[in-house]
Amino acid sequence: MSLDFNTLAQNFTQFYYNQFDTDRSQLGNLYRNESMLTFETSQLQGAKDIVEKLVSLPFQKVQHRITTLDAQPASPNGDVLVMITGDLLIDEEQNPQRFSQVFHLIPDGNSYYVFNDIFRLNYSA
């Protein structure tokens, strides 16, 4: 893989959130049967169940605004960990919700897939 892990993380994140914000039903090719999503308190495994969960979320319009993006190599095999924080604008809400998301990306030929995906809304105390 010719991309360094920071460039990979930036490219992946831009693609993922652009796809999520325009048509999240098309995210299935980023996951595999062994992939796992933890979305708040729900845990799902497999691309089909993950996409069904994402499509069922109760909003029509969404926009992710990334505040921070950190990446690290996760193994000698080329795995990459990506942590994102940002703001989530849902439907016509004026006040964004804060979120955090972590991706564990695994090399697959000339590309990567999401092995683990952890999403959490961050509420102020």
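Our numbering is plain: 1 for the first residue shown, then up by one each step along the chain.
Placed from the backbone N, Cα and C atoms, the Cβ positions cover glycine too.
Of the listed residues (K48, K53), Swiss-Prot tags K53 with ubiquitin cross-link; the rest carry no such note in the record, though that does not show they lack it. Cβ neighbours within 10 Å of K53 (ubiquitin cross-link), excluding its own Cβ and spanning all shown chains: 15.
According to DSSP, K53 (ubiquitin cross-link) sits within a helical segment.
Under DSSP, residues within the domain 'NTF2' (8-121) fall into helix, strand and coil as 32 helix, 59 strand, 23 coil.
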